[in-house]
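Asker: So TrEMBL says this about it:
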TRANSMEM  51-74  transmembrane segment
TRANSMEM  114-135  transmembrane segment
TRANSMEM  155-174  transmembrane segment
TRANSMEM  253-273  transmembrane segment
TRANSMEM  293-317  transmembrane segment
DOMAIN    379-489  domain 'TMC'
TRANSMEM  447-470  transmembrane segment
TRANSMEM  494-518  transmembrane segment
TRANSMEM  550-574  transmembrane segment
Amino acid sequence: MIIPVFLQRWKKSKENMSDAFAKLEVWRSPMHSIEGKFGTGILSYFQFMRWLLFLNLVIFLLMFLFILLPALIFTRQIGTVTSSNSTNSKVNTRSFDTTVVPLRRRMLARSRSFVPSFIPSVGIMEDTHLFYGFYENTIQRIQETEGFTFTYNLPLAYLLTSLSYFLISLILMVRNSAQGLQESLVSSEDKFYTYCNKVFAGWDFCINDGRAADLKHGQIRYELKTDLEEQRILQKQAKRTGGEKCRLYSVRFVVNIFVLAILGAGGFLIYYASTFALEWNAQYGTAANTDAFLKLLVTYTPSLTITGLNMIVPIIFDKLVGFEDYSPEFEIQMTLLRTVFLRLASVATLLGTLYTQIACSTYTNGDAECRVCDVEIRCWETYVGQEMYKLVIMDFLVGTAVTLFVEFPRKFIVSRFKDKLEDVVGYQEFQIPKNVLDIVYSQTLCWIGTFFAPMLPAICVIKTIIFFYLKKLSLMHNCIPSTKPFRASKSRTFFMVILLVSFLLCIIPVGIGIVQIYPSRACGPFRSLNTMFEIVTQTIAGWPTVVRDIFFFLGSAGFLVPAVLILCLLLYYFRALSVAHKKMVAVLKDQLILEGKDKHFLLQRVYELQ
């Protein structure tokens, strides 16, 4: 008797704790307001933003605890360091000046009087903990106890922490995607009874507040509108004639060709802007008679080009997709795919241009002063971090400006001159594809930039919080409910798929920087190594022989090939199990239908006998 009572109390305590944590949920009240007025589709965007906020917070804590905090605690030593660990003879026999000279500090010194201090080109923040170049290649002895020496290897910690935040991001994304996929499957299985479920079982009888009841009314009404809109579109598609289908497919083909042309032109424009900025700085950047503002403008040319394309091209894509006559859900997915290719291609083009310049110096340079072709860059890692930082700041400024100086004035003008401008301009709707791509693009910059600017996640956290309240304020005051309702479950899953694609892009440049490009000799925790990954091999070389042999065996073909085969067999097994379960579900459904018919038949017989 004692155990059942204990279990009941434990269950009740868990329910009370769940209710308490639900009340402490971040942005709980704004989420309910958004859901009640605009439905679950718009809500999924804000939930996605909240999820990214916590992800960036986790990344920031990792970088702070294992990189920034040790760097603050340990004494920073600046001087001349001679490498004794590298296998490269040139590195072993040369001394390098490790004094970090901030990039373009000399070129833009005169512009400090009018440029905000958060812009890295002025050099104020360059030699700080924000960027890679500040951190030292030190191994700090912490304590010696009974013959054991406890040390903190900052270069190793830097690399492992960076790899950890990528791994944690991947695990969280896969987990969230799996949950969204389950919700999507449940939603698709339930579509035959959707009206019955919403009308007879959709109301929450625990609601005892008038405002909450209004929000629930709005939510159910919006979901019913979504279902009816989907049925209307399916009926319209079923009634298309052969000529209409041929004409529609021709239009879609032409639109896709035009989209590819726009993407190609955008990539060329970014490449040209990046090359022009580097060549111009090499030729005129050090001239005494060059205007300081012009120098700053040219420095920011790649960032301004990418930001301009990100503002203009999605508007063109949004107009083009209207000619293709897709369903609202697929229209969002198609616009997201096209725009994400633009955003990711923009970042990839910029990084590719930087790589061609960086690789030019790292493999041909034999001097202590590292140069990127003709441009003086002592620390290419900090240079890449600065480019990511500038893109984050530019994205924040442009997003804030568009919200405050475009969306709010548009609502005021349309409301003031309703009769004249409503048909021309119209009330604005919340554009899901554009806003989702904005935060995915911001997260892409955060992932790449964090390796080269460890404190960038803190800026991304602040940026996400500000954007949440700005977007929520604009949504509630400026936007009307969408005329094309859509579901949240599939949208949320697709958001994660887009984020996974951008994540895979982020791994490539960071991975190349770790395993292929020579670290800068003038800065950073890997300055005395041939590659950043060399710190791992050096650490493993100092392990006991048995442990080292086991580790190398785990990375050999003798272990990996059987492991891959076992994983393939497990994948096939679970796939077969899933197919069997689906067949069993179909059989059980048929049995339920037959049992229903049997009951109906028996009831008819009972009525006949009576």
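Yeah, the Cβs are placed from backbone N, Cα and C, and that goes for glycine too.
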Asker: According to DSSP, how is the domain 'TMC' (379-489) divided among helix, strand and coil residues?
Answerer: 87 helix, 4 strand, 20 coil
Asker: Using Cβ distances below 8 Å and needing 3 or more such pairs, separated by at least 6 in sequence, tell me whether the transmembrane segment (494-518) contacts the transmembrane segment (155-174).
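Answerer: The answer is yes, given that the two segments have at least 3 Cβ pairs within the 8 Å cut-off.
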Asker: Would you kindly list the residues that approach the transmembrane segment (51-74) from elsewhere in its chain, counting only those six or more residues past its ends and only Cβ-Cβ distances under 8 Å?
Answerer: 26, 129, 134-136, 138, 140, 152, 154, 157-158, 160-161, 164-165, 168-169, 172, 176, 439, 443, 446, 450, 454-455, 457-458, 460-461, 464-465, 468
Asker: Under an 8 Å Cβ to Cβ limit, what residues of the same chain, 6 or more beyond the ends of the transmembrane segment (550-574), are close to it?
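Answerer: Residues 540, 543 contact the transmembrane segment (550-574) from elsewhere in the chain.
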